[in-house]
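Pulled from TrEMBL:
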type: BINDING; residues: Glu5, Asp25, Ile27, Asp28; note: Mg(2+) binding site
Amino acid sequence: SFIGEESVAAGEGSILTDNPTWIIDPIDGTTNFVHRFPFVAVSIGFVVNKKIEFGIVYSCVEDKMYTARKGKGAFCNGQKLQVSGQEDITKSLLVTELGSNRDPETIRIILSNMERLLSIPIHG
């Protein structure tokens, strides 16, 4: 099976089944692309039985290839990635995406979540 982000965004229905399924977003960061902001990637995932098996993200502008496989770790241009190990959230940097849906209920949920996140004494 195949699920394409651009077709789903255009209103086509999509159902994830147990079948082996490719999930592809050919312009991940479409809004960034439109505004010439350089954080754009091609994202590909492969799912079997509704569980991700592997994923590939190619950051075009940076020329970086991120890969990950279930149980095998994640890599950037072939070098293994590691999480920081920081367990104290107050010493962490929080990054979030607000999305493009401007439905009033969605905005209310996003702002409520942001309020909870901003109440944590994080670095930034």
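Residue positions begin at 1 at the first shown residue.
Every residue, even glycine, has its Cβ placed from backbone N, Cα and C.
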Which of Glu5, Asp25, all binding-site residues, has a Cβ with the fewest other Cβ atoms inside 10 Å: Glu5
Which of Ile27, Asp28, all binding-site residues, has a Cβ with the fewest other Cβ atoms inside 10 Å: Ile27
